[in-house]
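K.L.:
Residues annotated as domain 'RWD' in TrEMBL: 16-140.
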Amino acid sequence: ETTEMANQEEAEIQISELDLLSSMFPYEEEFAVTDQLALAELKHYVEDESAEVPSSKVQFVLNVKTEVPNASMVEFSMACALPFKYPTVLPEITVRSSLLSRSQQILLNSDLRTYLMQNFSGEPCMLSAREWVKDHAAAYIDKDLSSSSVTASGATQSEVTTFTRLWIYSHHIYNKQKRKNIIDWAKELSLSGFCMPGKPGVVCVEGLQNSCEEFWSRIRRLTWKRILIRHREDVSLEGGGHAEIQKQRKFPTLEEKCFDAHGARGNHMDLGQLYHFLEEKGCADIFQMYFGVEGH
């Protein structure tokens, strides 16, 4: 019954967050639930153990007014949906404004998602998302993306392929099934990198941005004592053909790396060996991000 328990807990968190939003933003023009039925189903699910799992996500709109540098006000609208597993998974948010071009909107939404991915794994984050939009969205209106990614033919930014490398840190990775998932999913998503099981656990995956994000969303759904993205690298590839992607890779495939500390407790890894391995791959600076010390 653990998933049942988790679902109940997630549903309760969603309701208390929606209550908080409606008390902070009592006016319809600032905050409005667009799917009342889904909200009613969710409340019913929390109040009544035997209730059906809600059939649709709660959807709502948050409107944010913010000043642009020349002192006029601009309104951004955030169309939001809470997946049933939220806050274990990220909310779905699309920010729009009549003043954003399509490519500015794509960039703004992708940056917001990155910010949430890096800072809120498993925590309610709607207010933080709103704050981020209030503080950062106006800057995207003036972003000139024409030189690099939008050509006169009206091609949009979506033609730029992004190569991503995620450096994931976990309190520990022992479980055989999780280790198998990491390898199988990486293979399925054409990601390379490595996984160092033990304590701490380190996973690096690299490949197409959406494949990395899909990998992360699957991994974080498993049960962990603690797991987070320590560092993320994104490289925009014009054209982004297979050869260009291969050229960015620092690891040929995804394999499990065991740097045993000579049976020192069997599962504590030799961080010196990890450092030398990263150094060989040209990633020595990452070691410091993980462990906060200069490598030796």
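In case you wondered, yes, glycine gets a Cβ from its N, Cα and C as well.
Because TrEMBL annotations are produced automatically, they should be read as predictions rather than curated entries.
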K.L.:
What is the three-state DSSP composition of the domain 'RWD' (16-140), stated as helix, strand and coil residue counts?
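P.N.:
For that range the per-state counts are 54 helix, 28 strand, 43 coil.
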K.L.:
Restricting to the domain 'RWD' (16-140), what is the model's mean pLDDT?
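P.N.:
89, rounded to a whole number.
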